[in-house]
């Protein structure tokens with residue numbers, strides 16, 4: 001017996017309802033825009049793996065050596081740990097985008113990236129402040145009070161960074177409201193603007209501190225130049241230190257400034273290519289930080305040589321930090 005059109009339509013609707021009931025409600029469909037893997041995605045994934053390997057060596061070196069307990073090494077260890085977590089966040093974000101997609105994994109990976117990068121910037125500010133204090137308070141630098149203040153400052157900085165990273169998982173995200181999305185999904189525009197504004201404030205503080213450091217170094221150089229017959233290489237050493245400070249600040253600014261400005265001006269409708277092009281230099285900063293702050297330090301180099309060669313005597317060094325090493 002033939003069915004009329006209305007009966008056929010009713011059967012189709014009933015069949016579709018049955019399929020929807022059989023579909024698990026907890027499975028989230030993969031976004032339609034994430035259909036083609038780009039070289040930028042591969043670059044971020046490879047950067048994440050390199051960042052993890054590079055900074056894991058620094059973390060293991062600092063926290064396994066009793067001689068590396070000065071405030072500066074605590075800050076370098078904090079920086080390396082933050083960059084290591086940023087690398088883990090990049091790998092998890094790659095997995096959530098291309099392998100095992102779920103909203104929880106996406107929120108977790110982005111939250112980890114926000115926390116890690118915020119802690120990284122805070123640690124960089126702490127290193128700059130520590131260098132400034134080591135010059136202005138040379139007699140009291142390295143005391144027990146300085147160690148306690150450094151630990152307290154790190155605890156506060158990591159707590160604030162953790163809160164920033166927890167906000168997307170606590171509901172401040174744009175997973176179900178595309179109009180409020182920033183260039184970095186699932187962060188909202190207001191959240192990303194807050195992070196970028198914090199970076200610009202940190203950059204301004206670092207510029208001010210480095211300018212004062214350069215003035216102190218140049219003043220000391222002028223005083224030493226009066227005794228040039230005893231210290232003929234003073235000018236060369238001073239120029240090298242000033243050039244190092246300039247290089248550190250230029251690297252930090254060039255890596256972060258494009259993404260900070262783009263995050264403030266653009267929104268979720270902006271081309272993904274621009275987001276990738278400004279985000280990759282940020283990951284490059286996490287790659288360069290160990291080379292700038294850790295592997296150039298003579299004390300860390302000594303510990304690494306002892307660990308790799310096991311041939312150098314483990315002689316304690318009371319002078320665990322000099323500003324020129326960083």
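The backbone N, Cα and C atoms fix where each Cβ goes, and this holds for glycine too.
Remote same-chain partners of the transmembrane segment (40-60), defined as residues 6 or more beyond its termini with a Cβ less than 8 Å from a stretch Cβ, comprise 76-77, 80-81, 83-84, 86-91, 93-94, 97-98, 273, 276-277, 279-280, 283-284, 286-287, 289-290, 294-295, 300, 304. According to TrEMBL, the transmembrane segment annotation covers 40-60 (among others).
For 54-293, the entry in TrEMBL reads domain 'G-protein coupled receptors family 1 profile'.
Per TrEMBL, the feature transmembrane segment maps to 72-95 (among others). Under 8 Å from some Cβ of the transmembrane segment (72-95) lie the Cβ atoms of residues 41, 44-45, 47-52, 54-56, 58-59, 62-63, 105-106, 108-110, 112-113, 115-117, 119-120, 122-124, 126-127, 130-131, 134, 147, 150-151, 154, 157-158, 161, 283, 286, 289-290, 293-294, 297, 299-300, 320-321, 326, all in the same chain and six or more residues away from its ends.
For 107-129 (among others), the entry in TrEMBL reads transmembrane segment.
TrEMBL lists 150-170 (among others) with the feature transmembrane segment. Here the transmembrane segment (150-170) has Cβ contacts under 8 Å with residues 71, 74-75, 78, 82, 107-108, 110-116, 118-119, 122-123, 126, 130, 186-187, 191, 195 of the same chain, all six or more residues outside its ends.
The transmembrane segment feature in TrEMBL is assigned to 190-209 (among others). Outside the transmembrane segment (190-209) by six or more residues, the chain places 114, 118, 121-122, 124-125, 128-129, 131-132, 164, 167-168, 172, 180, 182-184, 249, 252-253, 256-257, 259-261, 263-264 with a CB less than 8 A from a CB of the stretch.
Annotation source TrEMBL lists transmembrane segment at 245-266 (among others). Here the transmembrane segment (245-266) has long-range neighbours at 121, 124, 182-184, 192-193, 195-197, 199-200, 203, 206-207, 210, 213-214, 217, 274-275, 277-279, 281-282, 284-285, 288, 292, meaning same-chain residues at least 6 beyond its ends whose C-beta is under 8 angstroms from one of its own.
The transmembrane segment annotation in TrEMBL covers 272-295 (among others).
Mean model confidence of the domain 'G-protein coupled receptors family 1 profile' (54-293) amounts to 85 (pLDDT, 0 to 100 scale).
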